[in-house]
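Undergrad: Under the heading ATP binding site, TrEMBL lists Ser33, Gly34, Gly35, Ala36, Asp37, Ser38. Look at TrEMBL and you will find 28-207 tagged as domain 'tRNA(Ile)-lysidine/2-thiocytidine synthase N-terminal'. For 257-321, the entry in TrEMBL reads domain 'tRNA(Ile)-lysidine synthase substrate-binding'.
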Amino acid sequence: MAALPPPVAAIRLAVRRALTRTPEHATVLVACSGGADSLALAAATAFVAPRLGRRAGLVTVDHGLQDGSAGRAAAVADWAATAGLDPVEVTPVLVAGRPGGPEAAAREARYQALVEAAHRHAAGTVLLGHTRDDQAETVLLALARGAGPRGLAGMPEERELAGVTLARPLLDVGRDQTRKACAALGLTPWEDPHNVDPSYARARVRSDVLPVLTGALGPGVLDNLARTAKLIAADTAALDALGRSALADARTADGGLAVPVLRDLPAAVRTRVLHGWAREVGATPAALSHRHVAALDALVTAWHGQGAADLPGPVRVTRRGDTLTAARRPPGRVHA
Ligand SMILES: Nc1ncnc2c1ncn2[C@@H]1O[C@H](COP(=O)(O)OP(=O)(O)OP(=O)(O)O)[C@@H](O)[C@H]1O
């Protein structure tokens, strides 16, 4: 018997690890664009899932943004059925009319469609094909825009969306491996034109930045960036847990915050408490910036009788004695 090509073995192992975290007899769906990453993921899942007693299907989303997208989706679905995946679904989505740029709108439509497909098929988990290279790109982009630790933590291995677990089994697998695995299995991946379109920052990082970095610093850079994300993710999760427990300690009976509990906390924990509480009292999460949290923090650590801190929502936070209290802000005032 011919030896299993190492990239195929590595991807199957990564999928096996992810599937063993799902309940026995569970249904999982692979989100597959037909690109090398998710095609290699789907092929590995088709092989591993039945051997672990899991049922594996595939969903391919047709964004309708490029000529031939319906044909691409149909070809992926045809292949999936021959690979033994079941159920197999092509899901068309409407991207136009959603908020944000075209990339963000397509992503939002895609995740919504994936979650709805999971609900339809009683699948608790959707597998995504993001690789170590995608993670390295994410970390670099986050670093460049000053995203802070939450951005530098990169994409999580697992996250929950509307009751569905989105899992990324290939975060430790290189993109070169998924291409090699497809070639070894005789699969021809679809080449997404967006991946090489220089109007996308991620495509420029992929084509211009990473080759320079690996050329100058060695091929280990990709692993190191992805490992950095993992380390920061673990630290961030620990600080988030401390923040949640400190918030529970600091919350007063009437929903305010007790300043004496906050004062001596490390800044990284205190700002998390303030951020979490601000959301609880109605501040709009997407508009809540580090400036707003800094204004709340000043009410605790740089108190000199200053006025209220205004948050998007609109919410006004006032310090009375040793307590922070929140109220709906009177309409008609523009906040700083
Ligand atoms: N049209 C789609 N239908 C279903 N899943 C998709 C689709 N597009 C992307 N995905 C999922 O999201 C993951 C990330 O996609 P993205 O386009 O950001 O990265 P990529 O590196 O180009 O991935 P791929 O090589 O698999 O297309 C994919 O691996 C796949 O799991």
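Cβ atoms here come from the backbone N, Cα and C positions, even for glycine.
Bear in mind that TrEMBL entries carry predicted annotations, made automatically and left uncurated.
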Undergrad: Can you tell me the three-state DSSP label for Ser33 (ATP binding site)?
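TA: Where Ser33 (ATP binding site) sits, the three-state DSSP reduction gives coil.
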Undergrad: By a simple count of other Cβ atoms within 10 Å, which of Ser33, Ser38, the binding-site residues in the record, is least packed?
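TA: Fewest other Cβ atoms within 10 Å, among the binding-site residues Ser33, Ser38, is found for Ser33.
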Undergrad: Sorted by position, what residues of the same chain at least six away from Gly34 (ATP binding site) have a C-beta under 8 A from it?
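TA: In sequence order, Thr60, Arg72, Ala73, Ala75, Val76, Pro189, Trp190 meet the Cβ cut-off.
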Undergrad: Going by DSSP assignments with H, G and I as helix and E and B as strand, what are the residue counts for the domain 'tRNA(Ile)-lysidine synthase substrate-binding' (257-321)?
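TA: Going through the domain 'tRNA(Ile)-lysidine synthase substrate-binding' (257-321) residue by residue, I get 34 helix, 11 strand, 20 coil.
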Undergrad: Same chain, not part of Ser33, Gly34, Gly35, Ala36, Asp37, Ser38: whose C-beta falls within 8 angstroms of the C-beta centre of the ATP site? Give them in sequence order.
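TA: Output for this site, in sequence order: Cys32, Leu39, Ala40, Leu41, Gly129, Thr178, Pro189, Trp190, Asp192.
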Undergrad: Can you count the other CB atoms that lie within 10 A of the CB of Asp37 (ATP binding site)?
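TA: Result for Asp37 (ATP binding site): 25 neighbouring Cβ atoms inside 10 Å.
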Undergrad: Under a three-state reading of DSSP, tell me whether Ser38 (ATP binding site) is helix, strand or coil.
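TA: The three-state answer is helix.
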Undergrad: Tally every other Cβ atom lying within 10 Å of the Cβ atom of Ala36 (ATP binding site).
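TA: Within a 10 Å radius of the Cβ of Ala36 (ATP binding site) lie 26 other Cβ atoms.
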Undergrad: Within 10 Å of the Cβ of Gly35 (ATP binding site), how many other Cβ atoms are there?
TA: 21
